[in-house]
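A.B. asks: This is the structure, below, for whatever I ask next.
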Amino acid sequence: MLTNIPGYPRIGSQRELKKACENYWAGKISLERLELTSRQLRKENWNGLQETGIDLIPSNDFSWYDQVLDMCMTLGVIPSRFKALQQTFANPGCPELYFAMARGYQKNNFDITALEMTKWFDTNYHYLVPEFESVQQYTLHQPKCVEEFKEALSHGITTKPVLIGPVTFILCGKIKGDDLTHTQLLEKLLPVYIELLRSLQQAGATWIQLDEPFLVTDLDPATRDLYHAAYTAISQALPALSILLTTYFGALEDNTTLALQLPVQAVHIDLVRAPEQLDAVLAALPADKWLSLGVVDGRNIWKNDYAASVALIEKAIQQIGEERVLLGTSCSLLHVPYNLEDETALDPEVKQWMAFAKQKVAEVIALKHIIAGDTSLLIDNETVMNSRKISSRIHQPEVKARLESVTTADTQRHSIFPHRQKLQQSVLQLPLFPTTTIGSFPQTTEIRQLRADLKKGIITPETYNADIRNAITETIYRQESLGLDVLVHGEFERNDMVEYFGEQLDGFVFTQNGWVQSYGTRCVKPPVIFGDVQRPEPMTVAWSRFAQSLTSKPVKGMLTGPITILQWSFVRNDQPRMQTAMQIALAIRDEVKDLEDAGITIIQVDEPALREGLPLRKAQRAAYLSEAVKAFRLAVSTVDDSTQIHTHMCYAEFNDIIVHIAAMDADVITIETSRSQMELLEAFAGFKYPNETGPGVYDIHSPRVPAIAEMEALLHKAAALLPLRNIWVNPDCGLKTRKWPETEMALRNMVTAAKNVRLAMSN
Ligand SMILES: CN1c2c(nc(N)[nH]c2=O)NC[C@@H]1CNc1ccc(C(=O)N[C@@H](CCC(=O)N[C@@H](CCC(=O)N[C@@H](CCC(=O)O)C(=O)O)C(=O)O)C(=O)O)cc1
Ligand SMILES: N[C@@H](CCS)C(=O)O
Ligand SMILES: [Zn+2]
C-alpha cells in the first residue's frame, strides 16, 4: 500500500515565501534571493515528506502566487493585453510578466489590469482565472513542473508532479469572446499538455497527479465528452505513464463511472467529505485500476479518527487487495497550517485534538502501520477521540437552549423594506448616489507593528488603544475631507475580519502561527471553533461609539456575519455546521443590538463567504441557502426599522443565488462588480432586486487608481438598470491591502464621479 500526499503548504512554516515575494516586489531583494528562498522551501518540504516515509511526494505544488496562474504560464495562456509587456520581458526566466498577470501592471507607461481572481471551489483560497482567447497559440512556455521535478531529483527524491488536469483547467477559466468552444479549446491545449507530460516522463517521472476536482460537480454531457477526449488522447500518447486522477471536495456520485472508466492508472477520492462514496467506487472500479483513499482531512485541523479510517481502508483492501490501494490526505494540505508543534500557547486540552499538515502526514503513515498490525496507535487515538466526546469545555447547555427557543419572528424585521426605506431616508438624509467604503482602510506597517508590539508586551493596552483611536480619528477626518457620505472607523483594531471576532467569542481558540494562504502572499490565520459559541461581552461597540463621536455623519457599525465566520474558521466536526452558524448568529445578534443601543444608525454585517459556502452539487444548494439566509436574518433582525442594515459580498457570482440574496432582506448590499464591468447588475435588474445596492465601482485588489470617467461610466450603467434612489457608490471591497496615497486618490475620484452623476441625473 503506497502513501500519497496530493499537495503540501508552500508559504513556508514562518511565511518565508510571503516575505520574500513582498520584498522582491518592493525591490528590497534580488530575483536570485527570491529563487534561493523558494528552493530552500521546496527542499524542506520534500525532505520532510521523505523522512516521514511518504511514497508519492508532490512537486510543482509550490508556487510564487497561484498554481492556476502557473499552469497559464506553463501552457502560454497569456491574455493579449499582456502582449507588449511580454515582449518587454521576453526572457522566460523573468517573473515580471507572471507577477503582472497576478497583480496588474501600472508603470513604464503600461496600465494593464490583472487576471480576475476567484475562489477555488468552496475554499478560502483564491486562484487567478485563465483567460482563453481564440487568437492565443499555445506552446510550452515555462515548464516549471519539469524544472522542479529535476530539482527534487537532484536531492535524490523522485517526486510525483502535480498539475491541474486539462478539463478542470478549462472549466476554471473564461473564454473571452464567444468564438471558441470548450472542445476547440481542449484540442488546442491537449498537444501542449501531452508535450509537458512527455517532458516529465523523459525527466524520469513515473507517477503524475492530474487534479480534476470538477469531477465532483454536476457535469453536462459535453463536459463528460471533454473528459473522455482528454484522457484518451493522453493515454494513447503516453501509455507507460501512471496518471493519478485526483478528485476532492466531494463525491463522484453520477460521475463515478465516468471517472473510473478514464484510461488512467489510479483515481483519488475524498473520503472525508464523502465517505459514503466508497462502496459505489469499489463496486465500479475496473480490475486494472488503483484507488487512492483520501482519509485524512486536508481541509480541517482535527486529528484523524483512526478507527473510522481503518474501517474504510480495510473495506477497500478486502475488495481490491492491498497492492491496489493508496492511502493519503483527502486533498492538498495547502488549506491547513504547517505545524502544530509551533503552537506553544494553545489550550492543551483543545490542542490534543488537533493536527496540522506535518501531523497529518504522520497520521497517513500511522494508518499504514495500523493496517500492518500496530494496534497500539489505534488505542492511543481512541483515548484522544473519547476525551473530545466527553469534554465539558465543548457543550454549553445555555447556548443550546437559547438556539432551541429561536422563533420565526426572530428572523424577521418589524416592517417590509419599502416602509423601512422611507423611514431610513428621513433619518439619514443621504443624497442620491450616497458614497461609502466597505469598512477597512489601509492596514499600514505601523498599525500592524502596534499589534505586534502589544503582543510582545513592548507597549501597554492603553498605548495601543490610544494609538488605534488616533488612527480612527485621522481616518474619520480624511473621509470627511474626501466628502464621503457614510463613514467607517477603518477596522484598524482588527488583525483580520474573522480572527478578530473569534478571539472574542467563547468556543473558539486561535493560533499563533496557523497561517494558510488566501491569495498570492496574503495569508489568514483561521480561528478554531471547538465548542458552543457565545459572546461574553460586546466586541466592537466601544470603537464604533468612539468613531461616531467624532463626526455628525453616520459611521457604519462593522461586523462579520455568521456564515463568513463559519467559512473562514476551522469548524468543529462533531455537530452540523449550520448549528454552529446559528450559535454565531446569536452572538452577532447581541452585538447588533448593542451597537444600535449605542446610537449607531447603520450597521454592516459582512457576508463575503456566503457564496463560497455554496455546496458544489446543485441538489444540496437550496437547503444550504435557506439556512444561511436564516442565520443572517437571525443576526440582524433585532433592530428597529429606522436602523439601516448593510451587508457586503465579494468574490462571487451571484446570478444563480439572487433570490436568496434578496431573501436576506438587507437594506443595502454592497457587492463586487467592477472587474466584470457591472455584468452582475443585469441579474439584479432582471430580478428586480427590491432593496438598495452598492455595485463596486473599482477593484481594490490592485494599486491602480481608477479614473473618474471610468467610474462615471459604470454608474451610468447602474443607473440604466436600477432605480436611482437604490444606488450606492463604493469600491468593490475593503481597502486594508492598499496604501494611503492610492486610496485617497481613488476615493477622491470616486466621490467626484458620484457628484458628476448626481448632477447629470438632476438635469
Ligand atoms: C476579505 N478576505 C478575507 C478572507 N479571509 C479572511 N479570514 N479574512 C479576510 O479578510 N478571505 C477572502 C479575502 C482575502 N483577502 C485577504 C486580504 C488581506 C489579507 C492580509 O492582509 N493578510 C495579512 C495578515 C493579516 C493579519 O492577521 N495581520 C496581523 C499581523 C500578522 C503578522 O504578520 N504579524 C507579524 C508581526 C508584525 C510585524 O512585526 O510587522 C508576525 O507575526 O510576524 C495583524 O494585523 O495583527 C498578511 O500579511 O497576509 C488576507 C486576506
Ligand atoms: N469590512 C471588510 C469586508 C471585507 S470582505 C473590509 O472592509 O475589509
Ligand atoms: Zn469584500
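Keep in mind that glycine also has a Cβ here, set from the backbone N, Cα and C atoms.
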A.B. asks: Of the residues Asp590, Asp594, Asp597, Asp606, only one is listed by TrEMBL in the L-homocysteine site with Ile438, Gly439, Ser440, Glu491. Which is it?
C.D. replies: Asp606
A.B. asks: According to TrEMBL, Arg15, Glu16, Leu17, Lys18, Lys119, Asn124, Arg522, Cys523, Glu612 bind 5-methyltetrahydropteroyltri-L-glutamate; which one of Trp46, Trp207, Trp568, Trp728 is annotated to that same site?
C.D. replies: Trp568
A.B. asks: Which one of Glu672, Glu679, Glu710, Glu712 goes with His648, Cys650, Cys733 at the Zn(2+) 1 site, as TrEMBL has it?
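C.D. replies: TrEMBL lists His648, Cys650, Cys733 binding Zn(2+) 1, and from Glu672, Glu679, Glu710, Glu712 it also lists Glu672.
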A.B. asks: Which binding-site residues from the set Ile438, Gly439, Asp606, Glu672, Cys733 come near ligand 2, judged by a Cβ under 6 Å from any of its atoms?
C.D. replies: Ile438, Gly439, Asp606, Cys733
A.B. asks: Can you tell me the CA-to-CA distance separating Cys650 (Zn(2+) 1 binding site) and Asp606 (L-methionine binding site), as a whole number of Å?
C.D. replies: 9
A.B. asks: Please report the distance from the Cα of Glu491 (L-methionine binding site) to the Cα of Cys733 (Zn(2+) 1 binding site), rounded to the nearest angstrom.
C.D. replies: 13
A.B. asks: In which DSSP state, out of helix, strand and coil, do we find Gly439 (L-methionine binding site)?
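C.D. replies: The residue in question, Gly439 (L-methionine binding site), is coil (DSSP, three-state).
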A.B. asks: What subset of the recorded positions Arg522, His701, Cys733 lies within 10 angstroms of Ser440 (L-methionine binding site), using C-alpha positions?
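C.D. replies: Within 10 Å Cα-Cα: Cys733.
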A.B. asks: Max Cα distance spanning Arg15, Glu16, Leu17, Lys18, Lys119, Asn124, Arg522, Cys523, Trp568, Glu612 (5-methyltetrahydropteroyltri-L-glutamate binders), Å?
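C.D. replies: Output for 5-methyltetrahydropteroyltri-L-glutamate binders Arg15, Glu16, Leu17, Lys18, Lys119, Asn124, Arg522, Cys523, Trp568, Glu612: max Cα distance 28 Å.
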A.B. asks: Have a look at the recorded positions Gly439, Asp606, Glu672, His701, Cys733 and say which one has the shortest Cα distance to Trp568 (5-methyltetrahydropteroyltri-L-glutamate binding site).
C.D. replies: Asp606
